[in-house]
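Asks: So Swiss-Prot says this about it:
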type	residues	note
BINDING	134, 139, 145, 380	[4Fe-4S] cluster 1 binding site
BINDING	165, 169, 172	[4Fe-4S] cluster 2 binding site
DOMAIN	148-369	domain 'Radical SAM core'
REGION	27-61	region 'Disordered'
REGION	398-417	region 'Disordered'
TRANSIT	1-26	transit peptide
């Protein structure tokens, strides 16, 4: 504007006419104050009127600075455990119909996923038409697992046989249908390709339940494991399967396919199973599945997981742990149940971190090989993978031989039949 003004002055045009023209051209220009003479000298010396101070601005200026929030010198602001674990409530809803809800505790809050590893894994999955339980089940750990600090640290749990389940458990957000789409015949190959790209040492796979299939998808499972082992022989594979509707022959087929960890979740204590899981599932049925897997392949590590916060009692927890240990299950994990949507069963209790630590100690005392326990721990959570990976590598080093090859030969024969 100043350049234009100098140019117009050279042509003998008054600066006042320039200002009037500009005010007509730009509707957002502040009109001149009538109390100030409309002269070139006044325009040069006047300053814009200051906005009135507000009470909010005064409070903000009087409050602590940003550096005060970052400083930990003030010991008075450090919370004791009782204060830190205290749950806060909020009234939500229209006036006159407000309901009291318990706010999410701070120990259950996670960061929003945004990293190069996260984007890379997501692109690989979309390009190969693969699904993950991380997305379908709305896992709170997705930013940590997908956004690992390095390529080898990032991982995702592949969900086989599509994204639609034939069962409807009250805690799960995966889509349900009595007649889901047919299996993708390219999925075993695509899964093996994706996992080999990521260069991981340990992978976890799970699946939806497919009660619409005669074998429950067991042969699809076995084929996928064998494809992975062909592309990456040294990779360790954990399979979190369904119960195949209690068909123990299909359980044995998957157990002999070459996997390293056979996982199947009991989800909750026996007394709450009818209210939490689909009517076709059962606590004792799940125990039989894990026993059959170990019987078919004794070298396998067997694993199960339970959610806390569903209303279970301490005695029910003790009973569940005793039954799991009697079934020779090696690994157990505990995590907080978090309601995916309003259509699912509500959270009965947000269990404190020290309670999770208590059950971890008790599980290890009972003889479990490993226990991962914490509010954000999930059955396919990578917190325990490093420990299990080291155990498996140690076992592999101690007993090298044709065992793994014969396992795959048996599985291949079963697939042909």
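One is the number of the first residue shown, and numbering goes on along the chain from there.
Cβ from N, Cα, C; glycine included.
Remember, it's a predicted structure, so these values are computed and weren't measured experimentally.
So that I understand the layout, could you describe where these features sit and how close they are to other parts?
Replies: Long-range Cβ neighbours of residue 165 ([4Fe-4S] cluster 2 binding site) (same chain, at least 6 residues apart, Cβ-Cβ under 8 Å): 172, 174, 175, 176, 177, 180, 208, 209, 210. Look at residue 165 ([4Fe-4S] cluster 2 binding site): DSSP puts it in a strand.
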Asks: I'd like the number of other C-beta atoms within 10 A of the C-beta of residue 169 ([4Fe-4S] cluster 2 binding site), please.
Replies: 20
Asks: What are the other residues, in sequence order, whose C-beta lies within 8 angstroms of the center of the C-beta atoms of 165, 169, 172 at the [4Fe-4S] cluster 2 site?
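Replies: Output for this site, in sequence order: 167, 168, 171, 173, 174, 176, 208, 209, 278.
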Asks: What mean pLDDT does the predicted model reach across the domain 'Radical SAM core' (148-369)?
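Replies: Result for the domain 'Radical SAM core' (148-369): average pLDDT 93.
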Asks: Would you mind checking how many other C-beta atoms are within 10 angstroms of the C-beta on residue 172 ([4Fe-4S] cluster 2 binding site)?
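Replies: For residue 172 ([4Fe-4S] cluster 2 binding site), the count of other Cβ atoms within 10 Å is 21.
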